[in-house]
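Participant: Annotations per Swiss-Prot:
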- 1-59: region 'Disordered' (REGION)
- 39-50: compositional bias 'Polar residues' (COMPBIAS)
- 116-136: transmembrane segment (TRANSMEM)
- 158-178: transmembrane segment (TRANSMEM)
- 181-201: transmembrane segment (TRANSMEM)
- 203-223: transmembrane segment (TRANSMEM)
- 238-258: transmembrane segment (TRANSMEM)
- 271-291: transmembrane segment (TRANSMEM)
- 345-365: transmembrane segment (TRANSMEM)
- 383-403: transmembrane segment (TRANSMEM)
- 424-444: transmembrane segment (TRANSMEM)
- 450-470: transmembrane segment (TRANSMEM)
- 484-506: transmembrane segment (TRANSMEM)
- 519-539: transmembrane segment (TRANSMEM)
Amino acid sequence: MPLEKTNTHDSTATVEDQEATDNPMHLTQSRMLDLAGNPNRTTSRQSETLFPNGVDLNYPFTTTRGPPDVAEYNLETAEGVYRDPTINEGEEELVTWELNDPENPHNWSRLWKWYITIVNSLLVVCSAFGSSVIAGDLEDVSRDLKVGPEVANLSCSLMVVGFGIGPLVISPLSEMIGRRIVYLVTLMIYIVLQIPCALAPNIACLLIVRFFCGCFGCTPLTLAGGVISDVWETRERGLAIAFFAAGPYAGPTLGPLVGGWIGVGTGDFRWIFWVNMIYMFVMYLTLLPVPETYAPVLLRWRAQRIRKETGRQVFTAQEKQMLSFKEIVQVNLTRPLTLLLTEPILVCISGYIALIYALLYGYFFAYPNVFVKGKGYNEGITGLMFIPILVGVVGALSTTPFLEKQYMAKLDANNGKSVPEWRLVGMCIASPFIPTGLLIFAWTSFPRLIWIGPAFSGAPFGYGMVLFYFSANNYLIDVYQNYCASALAAKTMVRSAGGAAFPLFIDYMMDGMTRQWAFFLLGMVAVAAIPIPFTFYLFGDKIRARSKAAIV
């Protein structure tokens, strides 16, 4: 499926607006946007089946691949249906929300929206926590299963690999059958998989199951942003998205802290998996009251109900236009790889995010090297050294609403037309903090020096990490508005590859080069990457003009 150039950029979308905008099933939704009231909106592809005679831009419900905008699925009419003159199907009508429709997630109470937001954000933390919690007691894994540390490290890496593969199936599946059922089924499987992890008789069993834990446990990381977009209007969701953005990094940071104390207290790494199972099960119970939030699925259910009860021919565009299996595979697998090979913006931003994510997972193995091997601390005390990273995460969490407010002010001043490079402010602020933390860690990690230096190096790193991630996701969504799900899928694959790879060689790197020079080298790599957001801020418009997928 060739990439189609578009000049649509009137989006006010923020991060995760949806993380599946160009998912195959998402492409087939009736885009419920009144184009008469939004004249800047254009369609990049006219449907051959739903609109055989072309699309009149004076009518709503045109099939478009424009910017991700939740309002597209929020058109309200007095009767809850709209007869689109572009459909030559007699009396068939398209279903909409009714005025002030109580089933429309945007009309739910703020208290209920915040419950959904907090539950989804905590599920992200819980899922990410599960990937790194075993890092707190890998020494016991090596001893009990009689393997070397490099093999034991795979129990962390393979779950992160699963994080990169699982979304390729989970994302399109959620668009077809709804987010809730995918959440409930996959997380229950994830909970059950903790049992063979805890009872694993050998390392092969543990590693295989940990990979599948990543494939099924990635659901919150994949869907939570979309759920938040489902229930909040664009201008309301800044703080909600900030909570979500912290989760993928707060969770892994908490893992070694908790896992270390479990290992110290029990002397058995298997208890880590029992505790993780209990933790996710408690979170699973909080998810049960949350209903389906994805508007296209809710409207499809409504159309089916109306047809069954009244015989009235009411449909959604999703029902009228289905993609072939080949198209589904093409969008979800081929396009992310195509973008990675052809889009310099995506390559650079994804590579930067992968570096940060890899460094975070590198810390999980660097801290034991410094504090256990170098200073003689136990795993529990070493876990406490991750607290400054969490302090930095909280600092970034406090900053993101101000960035959103600044962005919205620029948007209003520009008559609602966005410039993607406005999103780069947060990345420009964040990028110097990352090498700062690494260099502090490098030259304070001598065994003879007090613990404060290497421990508190995590604060600037944690701050820059989350602030960069938040802004980078926003930027990719704004740049690749028509293909943002593919862009984000590509970013996730690269990020997961980085996070999975670093634990496999970081110990060798520190032992071979010394801790100081190893992290000095990594710090210099991060310094070399600082110009990336500044370059795109200055020249991003020119780079986008040469792109086949980015908006101009």
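Indices start at 1 and increase along the chain as displayed.
Including glycine, each Cβ sits where the backbone N, Cα and C put it.
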Participant: How about the transmembrane segment (181-201) and the transmembrane segment (450-470): at least 3 CB pairs under 8 Å, pairs 6 or more apart in sequence, or not?
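Facilitator: Counting Cβ pairs under 8 Å (6 or more apart in sequence), the transmembrane segment (181-201) does not reach the transmembrane segment (450-470), since there are fewer than 3.
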Participant: Short question: which residues 6 or more past the ends of the transmembrane segment (484-506) have a Cβ under 8 Å from it?
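Facilitator: Counting only partners 6 or more residues beyond its ends, the transmembrane segment (484-506) has Cβ contacts under 8 Å with 17-23, 26, 68, 135, 150, 153-154, 156-158, 160-161, 163-165, 167-168, 171, 331-332, 335-337, 339-340, 343, 346, 349-351, 353-355, 357-362, 364-366, 472-473, 476-477, 518, 549.
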Participant: Which of 116-136, 203-223, 238-258, 345-365, 383-403 shares the most C-beta pairs under 8 angstroms with the transmembrane segment (271-291)?
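Facilitator: The stretch with the most close Cβ contacts to the transmembrane segment (271-291) is 116-136.
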Participant: Apart from its near flanks, which chain residues at least 6 from the ends of the transmembrane segment (203-223) lie with a Cβ under 8 angstroms of it?
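Facilitator: Long-range Cβ neighbours of the transmembrane segment (203-223): 19, 120, 123-124, 126-128, 130-131, 134, 141, 145-147, 151-152, 154-156, 158-167, 170-171, 174, 179, 182-183, 186-187, 189-190, 193-194, 196-197, 247-248, 280.
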Participant: Using a Cβ-Cβ cut-off of under 8 Å, list the residues of the same chain that are 6+ residues beyond the ends of the transmembrane segment (238-258) and lie near it.
Facilitator: 14-16, 113-114, 117-118, 120-122, 124-136, 220-221, 224-225, 228, 232, 275, 360-361, 364, 367, 382-384, 386-387, 389-390, 393-394, 396-397, 400-401, 404-405, 408, 462, 465-466, 469-470, 473
Participant: For the transmembrane segment (345-365), give me same-chain residues lying six or more residues beyond its boundaries with a C-beta closer than 8 angstroms to one of its C-beta atoms, as numbers and ranges.
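Facilitator: Cβ under 8 Å, 6 or more out: 132, 135, 153, 156, 160, 249, 252-253, 255-256, 339, 386, 389, 434, 438, 458, 461, 464-465, 468-469, 472, 475-476, 479-480, 487, 490-491, 494-503, 506-507, 522, 525-526, 529, 532, 536, 540, 543-544, 547, 550.
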Participant: Out of 158-178, 383-403, 450-470, which stretch has the largest tally of CB pairs under 8 angstroms to the transmembrane segment (116-136)?
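Facilitator: It is 158-178 that shares the most Cβ pairs under 8 Å with the transmembrane segment (116-136).
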